[in-house]
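Pulled from Swiss-Prot, these are the features on record:
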DISULFID  C24-C47  disulfide bond
DISULFID  C27-C32  disulfide bond
DISULFID  C40-C64  disulfide bond
DISULFID  C68-C80  disulfide bond
DISULFID  C81-C86  disulfide bond
SIGNAL    1-21  signal peptide
Amino acid sequence: MKTLLLTLVVVTIVCLDLGYTMKCKICNFDTCRAGELKVCASGEKYCFKESWREARGTRIERGCAATCPKGSVYGLYVLCCTTDDCN
């Protein structure tokens, strides 16, 4: 019985990904370079993409965030997501 309990504990620890962190695109332009992902800090649970218009055209910022950012004064669109490379 003790062996079974120990086995279950070990399997549970192995199956849990206790150190998982998000990976998001990080860039401040219209497009990101392929494969350019950043490992977010442990408290950052969201990837975001915000776009807004300025004199030179539409700008896009992508990154990691602890909470979903609200649109700025100039913000047209904010996308928040919780899976790797979703922004």
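Cβ atoms here come from the backbone N, Cα and C positions, even for glycine.
Candidate disulfide-bonded residues: C24, C27, C32, C80, C81. Nearest to C40 (disulfide bond) by Cα distance: C24. Within 10 Å of C47 (disulfide bond), judged by CA to CA distance, lie the following disulfide-bonded residues from the set C27, C32, C64, C86: C64, C86. Neighbour counts were taken at the CB atom with a 10 A radius for the disulfide-bonded residues C24, C40, C64, C68, C81; the maximum falls on C24.
Among the disulfide-bonded residues C68, C80, C86, the residue whose Cα lies closest in space to that of C32 (disulfide bond) is C86. Shown are the disulfide-bonded residues C47, C80, C86; the one with the most C-beta atoms within 10 angstroms of its own C-beta is C47. Cα proximity to C86 (disulfide bond) (within 10 Å) is found for the following disulfide-bonded residues from C64, C68, C80: C80. Counting every protein chain shown, the number of other Cβ atoms lying within 10 Å of the Cβ of C27 (disulfide bond) is 17. Within 10 Å of the Cβ of C32 (disulfide bond) there are 18 other Cβ atoms, across all protein chains.
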